[in-house]
Amino acid sequence: MIDVELNDEGQFLSSEQLQLVKDVLNHAAQEVSLSQQSEVSVTFTTEEDIHELNREHRGIDRPTDVLSFALNDETSDFDPTFHEELGLPNLLGDIVISVPHVERQAADYGHSFERELAFLVVHGFLHLLGYDHMNEEEEKQMFTKQEEILQSYGLGRSES
């Protein structure tokens, strides 16, 4: 099980959509066999705010659809094992999603808002677990896992 902290101060999403985010993350955690109790936060924001975060943290001066900030990565001094020793959940990190991007991309790809939302949630979650798409092999592995999770949840490309 994964504890999900949702931050939707702009009240962009309905209660059903927020529940979908929690359900999809718990499903994804099962699909990747995440055995340790973990925690993740998901923030829903504007295009302007995600643009600022992208510029500040990645040096890319444009908005994006989703950003992930893993607490346990190679560049961090953070030691996640102390949580386990104390019986606390493993803090995976933060996912930030641009709601205007969800709306636009759902329309562009011809599927539902919920399918696009779930896609970006799973994409961000996999980044927190160390998946990436910096080269062709990594991209294939990550995107295959992403689609498997969405398909098994019932939000595959043909089902949305």
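Here the Cβ of each residue, glycine as well, is placed from N, Cα and C on the backbone.
These come from Swiss-Prot:
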{"type": "BINDING", "residues": "His123, His127, His133", "note": "Zn(2+) binding site"}
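A map of Swiss-Prot features onto the structure.
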residue : record              : Cβ contacts under 8 Å, 6 or more apart
His123  : Zn(2+) binding site : Val66, Gln146
His127  : Zn(2+) binding site : Ser68, Ala70, Ile95
His133  : Zn(2+) binding site : Glu139, Met142, Phe143
By the DSSP assignment reduced to helix, strand and coil, which category contains His127 (Zn(2+) binding site)?
helix
Which chain neighbours of the Zn(2+) site, leaving out His123, His127, His133, have a Cβ atom within 8 Å of the mean position of the site's Cβ atoms?
Val66, Ser68, Gly124, Leu126, Tyr131, Asp132, Met142, Gln146
